[in-house]
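Residues or ranges marked as region 'Disordered' by TrEMBL: 1-71, 356-383. As annotated by TrEMBL, compositional bias 'Acidic residues' applies to 10-21, 29-48, 363-375. Residues or ranges marked as domain 'CHY-type' by TrEMBL: 74-150. Feature annotation from TrEMBL assigns domain 'CTCHY-type' to 152-217. The domain 'RING-type' feature in TrEMBL is assigned to 219-290.
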Amino acid sequence: MTEENHTENVEEVQDEQDGQEEVPRQEGVEEPADNEDDWYEVDEDDADSGFSDAESNDGEDEPSKSDNLAVNQPAGEHEGCEHYKRRCKILAPCCGEWFWCRHCHNEAKMANERDYKKAHELDRTKIEEIECESCFHRQKPAAICEKCGIRFAEYYCDKCKFWDDKGVEKGAFHCDGCGICRVGGRENYKHCYGCAACYPPEVFENHHCLSAETMKNVCPVCQASLFESTIPPILSPSYIQELLGGVPGWARLAQAVVLRCGHGIHSTCLRELQRNAPTIVQAMRCPLCNKSTQEDMSGIWRVIDEEVARVRMPKEYRTTFVRLHCNDCESITPKVPFHIMGMKCGNCGSYNTQEEDRFTVEVPEDDDGNDEEENPEHQQQQQ
């Protein structure tokens, strides 16, 4: 073929291609691939991301969860327990198991342990190993992880082996006299070595020292330790009004109080007892010895006097008498008229009494009288 003929053939092919009409592209219709081997299934996760792994990392590996935790942005499962927010677990030396804190240990191994022979509590001072929940490195107790450098909590006490992210916010401090960490600010409390307890300055100056064993006991209601309460104990002459009325100041923060009789109780537990007590007299009793919780109960006794005088007992009870034991002065009153509103001690005038015996005394018929004539207040209420 001559060069001239070849040129003519090429021009004819180009004319044919130019003469073909261009087919418009229809929306929503995918164009077929040039090669069927080029088609592949795309994972939904990859499709949603909008870019490939190589594009997202620019050739670098994706940062691990531990890298995120290292900037104090822990995942939910690494923030600690319901008791404290922290980023390390403790190894209990007594049973060799891992827990977030000593309270988690004591709940599992003491409160919920079915075998009483295995029940035990954790001695926090004997903790010798912890695990970082960022990189899972194990080490001795410290404030910072030796491997990844994460801070386990904002507050750390090496003496108590205690971590708490909210410790600074709570004003946590270690009291050498108590031997444990307290909250509320060191400047707001003063330790009494006679009582082995901390008191606010205004209470410390005038308080009477108690036995060191008083605060070593447990709360009679919840059975939790009074000494290890999150708020130091207080002893105040007006603590009942402070508990009931919510007076501003340190009293509102108190968690453990010492009653007039010398028994300790959590203020929240005392408030719950008072709220659920059927009578005001029972609300003002110590749950252990039944003595009145206030020094001066005369105001309450006067109110009960008025109620006893106002409410007349039914005829069938007017010959009923009781033998009383007084919880306050420990005396016995041999014969007191039975009354539903309360029965008064013949010695100190307290209504904080207990019935020891009940008996009936015959009364002449003339003494019964007429109900309406003897109770004019009742007539006025009916009118």
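Cβ coordinates come from backbone N, Cα and C, glycine included.
Automatic, uncurated: that is what TrEMBL annotation is.
Sorting the domain 'CHY-type' (74-150) by DSSP state (H, G, I as helix; E, B as strand; all else coil) yields 16 helix, 14 strand, 47 coil. Counting residues of the domain 'CTCHY-type' (152-217) by DSSP class, helix then strand then coil, yields 11 helix, 18 strand, 37 coil. The average pLDDT the prediction assigns to the domain 'CHY-type' (74-150) is 90.
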